[in-house]
Amino acid sequence: MEAGFPMEDIAPIAILMDELRSEDVQLRLNAIHSIPTIALALGPDRAREELIPFLQDSVDDEDEVLLALAEELGKNFEEYVGGPEHAHILLGPLENLSAVEETLVREKAAESITKIASVLSQQQIEQHYVPLLKRLSQGEWFTSRTSSAALYPAVYSRVSPVIQEELRKGFTSLGSDDTPMVRRAAAKWLGPLLTHFSHQHIISDGLPIYRKLQQDEQDSVRLLTVEDLIVIAKSLSPAEVKEQLLRQIKQSIGDKSWRVRYMAANHFNELSDALGVELVREELIGQYVQLLKDNEAEVRSAAATQIPGFSKLIDKEVILARVVPCVRDLSQDSSQHVRAALANQINGLAPLLGKEATIEHLLPLFLHLLKDDFPEVRLNIISKLEIVNTVIGIELLSESLLPAIVELAEDKSWRVRQAIIEYIPLLANQLGKPFFDEQLGNLCMSWLGDTVYSIREAATINLKKLTEVFGVEWAKVAIVPKVMGMGTHPNYLFRMTTVQAITTIAPSLNLDIIRSDVIGPLLELSKDPIPNIRFNVAKALEVMATTFGISADGRTFVHDWIKPTLERQLTDPDADVRYFASRALQKAATLDS
């Protein structure tokens with residue numbers, strides 16, 4: 001041990017060395033996470049001279065530890081080694097990590113290298129970063145070449161034209177690499193790199209790289225070129241796109257692999273925006289219809305999500321002639337996922353078609369999808385009705401669609417009824433209070449008397465949500481009297497529903513309503529002959545005590561009304577009633593303290 005260093009200075013790095021050699025992975029992980037603290041204790045000079053070389057030499061065999069190291073070095077670590085002028089020293093350990101076998105570690109190392117690049121000066125980039133990039137790009141193992149692709153975009157625009165030319169050549173060779181994984185990385189990072197290219201270099205260098213990758217034998221490479229295509233199309237004029245890219249666009253859309261067609265369908269709107277309205281109208285309408293009719297359900301689903309966005313770029317007549325027939329076919333598609341994707345987007349056509357065409361062409365499809373067997377399809381239609389409402393008006397909407405909703409609300413399958421109940425607050429929000437009271441108010445109350453418990457439970461949650469939508473004053477008039485009225489029903493299930501509904505809704509009401517309309521009938525039910533009802537009353541009182549007992553007025557209410565009833569229930573013949581009464585009293589007591 002050198003005499004120059006006191007014991008406490010040597011300790012941090014010695015402890016780190018010991019912990020990183022430990023057999024316990026968790027201990028090694030903790031050691032990696034403590035590196036910033038150790039670097040701080042050592043100071044910038046010793047962190048550069050001892051800590052970084054040590055990290056560069058010690059390559060762990062556990063991916064989790066390597067991942068943590070790659071992450072730590074990208075978290076502004078240059079602050080611990082003397083600031084940005086010394087940041088390049090961190091590239092050494094990260095270069096090693098960029099060549100390991102585990103993909104996650106390599107990706108995190110590349111991410112950290114690009115973060116460090118943002119604080120480097122041009123001189124540091126040209127002296128340290130570019131040589132590292134070349135070493136990785138020409139590495140013997142495909143792992144380092146794969147990592148290198150991600151490092152080009154971060155510095156391309158910050159180096160001299162001579163080095164830019166070298167970088168273009170380096171990236172071109174990655175695009176022609178023998179290993180598919182390297183070509184895949186090149187396809188993934190070509191788009192971000194092209195955003196820094198001049199127009200001239202996109203034509204001279206970017207297009208050849210793209211074309212080679214776009215015709216790759218591996219579909220996993222070709223599918224990544226769809227995003228590159230969008231970047232190139234955005235930087236070229238419509239005439240250049242037509243001349244240079246149209247063939248590739250049509251090839252991607254009609255690719256033999258469904259995964260490539262899926263990517264094309266999924267990004268169709270972005271591609272259309274990049275091409276411009278004229279080219280879309282001339283060349284892409286047929287291509288889009290082809291995707292909507294694809295033989296793979298995944299491609300049809302992706303194409304269906306683009307319907308409103310694409311339709312904005314074409315004339316109403318063309319939508320009616322080319323798109324609407326496809327929409328009609330998709331509404332009867334054999335795949336439920338395609339129908340769900342369509343149901344989520346079909347409403348977006350209404351503003352484009354206008355009132356008359358929506359009524360004639362779309363309304364029958366809405367009705368058809370509303371009766372779909374798959375719940376997600378029905379939900380997607382109902383959740384977007386607001387858009388249709390603005391086009392055709394609430395009157396027409398209620399005349400055509402509400403009967404279908406009411407019909408579903410009385411469906412023989414309780415799961416269908418439950419699904420409709422869950423949509424009601426959403427509908428209420430869109431339809432407004434007067435309309436709701438007139439058309440759906442009684443329906444909501446009728447569910448409280450359903451023979452299936454899950455429906456009764458969903459109905460009480462529904463009432464709580466409606467109270468939140470329309471406010472407590474509405475609830476006082478529309479909900480509370482009907483709910484409390486069921487408390488005197490001869491059938492105990494109705495009385496039970498009253499108690500459970502109050503337990504659910506009480507937190508959304510105010511103390512005045514509880515005092516004037518709720519507490520009296522509820523305390524009557526605490527003497528019900530059925531023990532289940534009595535102990536559920538105790539639960540309801542517990543909820544009220546915890547909800548309202550936080551204010552002085554509320555504590556008085558709890559003391560005067562709730563506690564005497566619970567104390568009486570402590571002597572109830574039924575053990576469950578006694579248990580829930582005592583639990584509620586304990587909760588109420590904590591509010592006083």
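Each residue, glycine too, has its Cβ placed from N, Cα and C.
Here's what TrEMBL has on this protein:
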REPEAT    90-128  repeat 'HEAT'
REPEAT    206-244  repeat 'HEAT'
REPEAT    245-283  repeat 'HEAT'
REPEAT    284-322  repeat 'HEAT'
REPEAT    323-361  repeat 'HEAT'
REPEAT    362-400  repeat 'HEAT'
DOMAIN    364-511  domain 'Phosphatase 2A Regulatory Subunit A helical'
REPEAT    401-439  repeat 'HEAT'
REPEAT    562-593  repeat 'HEAT'
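Taking Cβ pairs closer than 8 Å, the repeat 'HEAT' (362-400) reaches residues 324, 327-328, 331-332, 336, 339-340, 342-344, 346-351, 353-355, 408, 415-416, 419-420, 422-423, 426-427, 430-432, 435, 439 in its own chain, all 6 or more past its ends.
Per-residue pLDDT, averaged over the repeat 'HEAT' (245-283), rounds to 84. Residue counts for the repeat 'HEAT' (245-283) under DSSP, split into helix (H, G, I), strand (E, B) and coil, are 32 helix, 0 strand, 7 coil.
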